[in-house]
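> The structure under discussion is supplied below as structure tokens; questions concerning it will follow.
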Amino acid sequence: MKFNESWLREWVDPKVSTAQLCDQITMLGLEVDSVEPISGEFSGVVVAEVVECTQHPDADKLRVTKVNVGAERLLSIVCGAANCRQGLKVACAIEGAILPGNFKIKKTKLRGQLSEGMLCSFSELGIKEDQSSGIIELPADAPIGVDIREYLNLNDVAIEVSLTPNRADCLSIAGIAREVAVINQMEVKSPVIKPVPATLSAPIEIDIQAPSACPHYLARIIKNVNVNATSPLWLQEKLRRCGILSIDPIVDITNLSLLELGQPMHAFDAEKVKAPIQVRLAKDQEQLVLLDGTTAKLQTNTLVIADQKNVLALAGIMGGEASKVNAETKDIILEAAFFAPLALTGRTRQYGLHTDASHRFERGVDPTLARQAMERATTLIIEICGGEVAEVCEAINTEYLPKQPIIRLRRTKLDSVIGHYIEDRLVTDILVRLGLNVTCENDGWIATVPSWRFDLEIEEDLIEEIARIYGYNRIPNNALLAHLTLKGSAEKVLEPNRIKTVLVDNDYQEVVTYSFVDPKIQQLLHPQQEALILPNPISSEMSAMRVSLLTGLLQTVLYNQNRQQNRIRIFEQGLRFIPDASAESAVRQEAVFAAVIVGEKHIANWEGKSKAVDFFDLKGDLEQILALTANKELTFVAKQFPALHPGQSAAIMLNEQEVGFIGTLHPSIGQKLGIKGTPIVFELLADVVSERAIPVAKEISKFPANNRDIAIVIDEHIPAREVLSACYHAGREQLTAVNLFDVYQGANLVVGKKSLAISLTIQNTEKTLTEEEISAVIQLVLDELAQRFQASLRD
């Protein structure tokens, strides 16, 4: 919101400097982004009148003028502006004047003619937003000889504030003035708005077909309007200083309503509207050429203003080219309405638009403003353009107008939240000055919210308002009033951050990928898994909810490889979305951990090149995570997956249930995706690693450990993990460690057999074991293996 200080001070004029005023506005929560002077630094420029204007004898584009600056004689000034003419009141820089850029005005000759000053344009005075190429044209009653800075009030600044979306009430001079008046305990001096009596009868039928989107619509015909009149300088200057160019009186007045009151308005050429006026949703295949010349193909969720035949405007957004007011317009229809924020939210983005009107309607406009704005605009139109006024025609559905909430504020709640006692009298005063209708109770207040405050709904909103107006800087820094009790955490909980730390310590980097993925890539990886398809996706490449984190991780690998990053180790914790009719919203959300590695195992160094990562590198990293958990029954079972290499993949099992997978990406899929190298991936349900093994104190033996190696022959299909588990079971507490250090298949072994070389560590906490006792433990192990797996010692 951009406005000029002098306009604000017409409404409320606190005895503070510009800097103090800006500080007040910022402390009110309306952050001041910039404060800029209206004009450049200059002096010696006065109001003057062109008494004579003749053609320069030696230059076609120059004129020789006699100018009255209020001095004893007329000044001779040469001017090149096309709009220079006899009788015009102008801004004249006299001899000795200093213009912006330290440009000094001196007597000189131009093509042989004496020039004793300069007739100035806005840009030459450092006034921005001026597109005219001519000199300034002042009103005919401008007093000659008066300093132009004083006459135009150029000792003014433009203030721009950044508003949060909830403070739409401050998108106007009236709204800012209300806030400044509250903090300075002053009254707002708003312009007196009186109803304009009708001088003719010209009723307009209004048909509101979408009352929930537009519960209130007003229209008025004004006939015999002089659209070609010139907007008065005060109106042009108010708009200019707010960053809006003057176009014509009708548009300027509707823009004034928007800036002054916060009520967007629009004017139609009455001859181009065939009553009744309809407020409805767009029909299929309808189009509208907008004021900016673009053609909008209307969607059926768009609210429009229409007549019997055509769409006239996008309601609350932009008017149409066909019904706009132009130089030939004689009669106009003036419109003011309330459009519900939800009816307009997102519509501007559908058409690539953003207008001052839509910016306000999307956030909320005071529903009581339309009538005031209509009368204010009518008064100005009659004053500037003349015309005959018809009655105001109105259609209203009070059922759909915003309700004014009634909020109960408790004294105990106020003290608890703020942590500082504010007197009842002061609390009441603040609420009343904010425009609330307040009733005091023994233990609090009952407050009715004003129509312009859409952001006040609950008790905490009122507390925030009280603290804001009272002043956050006046609230002391006290200790918290709440009694806080530290809540203990279960020792068995394995925090996700602990798992992430293990991965980071192993040189992984955490990534966060979109939950929306390319359905084609996901189908390639998980052809048997149905996915949830979004009805309104961001793009076709992000139209499916992920059923695995694998899709996003592999796309991240490709993204990095395309940027010359060949050694990649990444992981992600996130949700996957599995369609399930029995789940809430028919989607089962599962938290998972996933990772992928590709490239070299280590960065190459002076010891030599590093080898590429393989299946067992990732399996080892995963086993470090599993070692933290209480689930010691987690196992790896060979299994084929569509996305993985058939000979290098496994399911992660817990109590005969599949809880994850690990493996090498299928070469054909890697080729289709354009991924270089051989990525290895895993995905694991987060619930499986949510509990950690609680540490148990064990006695450390002071007696020597005894290592013995055995080599057994078993069927090749028997997993080594089952053999190791059987060893532990047989050796009991005296077998402290079992390690597989070699696997052999080939010569000297029967086909279908394999040899496992296992190291056994035997130790007792109470004594040194004898050879006989050691041999007894080994024999127990061999007997167990022979019984369960028909294992035999290798010769």
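Cβ atoms are placed via backbone N, Cα and C, with glycine included.
The domain 'tRNA-binding' annotation in Swiss-Prot covers 39-149 and rests on sequence analysis. Swiss-Prot lists 402-477 with the feature domain 'B5'. Residues or ranges marked as Mg(2+) binding site in Swiss-Prot (evidence: sequence analysis): Asp455, Asp461, Glu464, Glu465. Per Swiss-Prot, the feature domain 'FDX-ACB' maps to 701-794.
Describe the structural surroundings of these features, if you would.
Here the domain 'tRNA-binding' (39-149) has a mean pLDDT of 90 out of 100.
Following the DSSP three-state reduction, the secondary structure of Asp455 (Mg(2+) binding site) is coil.
Counting residues per DSSP class in helix, strand and coil order gives 34 helix, 32 strand, 28 coil for the domain 'FDX-ACB' (701-794).
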> Taking the center of the Cβ atoms of Asp455, Asp461, Glu464, Glu465 at the recorded Mg(2+) site, which other residues in this chain have a Cβ no more than 8 Å from that point?
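For the Mg(2+) site the neighbour list reads Arg453, Leu456, Glu460, Leu462, Ile463, Arg468.
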> Just to be sure I understand the packing, how many Cβ atoms besides its own are within 10 Å of the Cβ of Glu464 (Mg(2+) binding site)?
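Result for Glu464 (Mg(2+) binding site): 16 other Cβ atoms within 10 Å.
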> Where's the emptiest Cβ shell within 10 Å among the binding-site residues Asp455, Glu465?
Asp455
> Using DSSP, tally how many residues of the domain 'B5' (402-477) sit in helix, strand and coil.
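Final tally across the stretch: 33 helix, 15 strand, 28 coil.
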